[in-house]
Amino acid sequence: MLAARLSRPLSQLPGKALSVRDRENGTRHTLLFYPASFSPDTRRTYASQADAASGKAILITGCDSGFGFSLAKHLHSKGFLVFAGCLMKDKGDAGVKELDSLKSDRLRTIQLNVCNSEEVEKAVETIRSGLKDPEKGMWGLVNNAGISTFGEVEFTSMETYKEVAEVNLWGTVRTTKSFLPLLRRAKGRVVNISSMLGRMANPARSPYCITKFGIEAFSDCLRYEMHPLGVKVSVVEPGNFIAATSLYSPERIQAIAKKMWDDLPEVVRKDYGRKYFDEKIAKMETYCNSGSTDTSSVINAVTHALTAATPYTRYHPMDYYWWLRMQIMTHFPGAISDKIYIH
């Protein structure tokens, strides 16, 4: 049936005309999209769940807030033994206190800065000693820790590029390498939280995009290498969930913008001007107030990647606008996506 469907001309496939508004500038474009059944909605309800978690050990990084915090509570409720890596555990962060308040033997917060090799290795030993049988290994690693920033290339310092990469990319690589021996013993799972911006670049987000593109490549290489060893590697590419992750408050955006402007070379300030700079910051504020506050699609995707007998290579929890934009930017010639999204 599938072969017959794919062999039919596009004019005979179920499709629909879409009026697509570019969220960067308000311009509308009408596209004829085929086929309707390939929308992200078809991947939001997952089947083929494996056996219950039954105490399998999972490490999640970045559990102080956002996706990691929600994942820790959700996976604990599913029966996993959850080790919640928290950057601010030693400082008594509110998120850490809430997780600790559950007072469960199956949910343990641990101090973990993914940029610090000593803390990562200490986490390995803490988890190894917390396993009933270390020789059977650890079932899952969810690389969720990450930071974000904004600013056009000429507005962004090299220090910012390095800082974002150290957490998002090298932190993921460092943590994965350290835990692979335990994961190999369990023939377990690695789930890397990337982003839709790991598949399609976006203006004013180059430091973040670079790191997420890097996670995509790292995950593909790792998946190829781990396949013969029985370890499955998946990537989750969330859409716009900024409103749900508390990455930016209006005050934080203004603080970043002030420092960015103050640190700009004089020639850049003169050539672009304050009006242009302020307009870009205003757009960023609008973007940060948008997006979904319901993270359940991300939580469900990670859960499926950890529990399904045959997890997907990639998961796309995002709304239709961003999913369609990603398909256009990754599957169509660049000239077409440029015509639609660059003006």
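Even glycines carry a Cβ here, placed using N, Cα and C.
Cross-referencing LYS258, LYS339 with Swiss-Prot, the residue annotated as N6-acetyllysine turns out to be LYS258. LYS280 (N6-acetyllysine) and LYS73 (N6-acetyllysine) have their C-alpha atoms 37 Å apart, to the nearest angstrom. Counting only the Cα atoms, the space from CYS209 (active site, proton acceptor) to SER219 (O-linked glycosylation site) is about 15 angstrom. The C-beta environment of LYS97 (N6-acetyllysine), restricted to residues of the same chain at least 6 apart in sequence and closer than 8 Å, is empty.
Candidate recorded positions: LYS103, LYS132, LYS212, SER219, LYS258. Nearest to LYS177 (N6-acetyllysine) by Cα distance: SER219. Remark: of the modified residues LYS73, LYS103, LYS212, LYS258, LYS259, the most isolated position is LYS103 (fewest other Cβ atoms within 10 Å of its Cβ).
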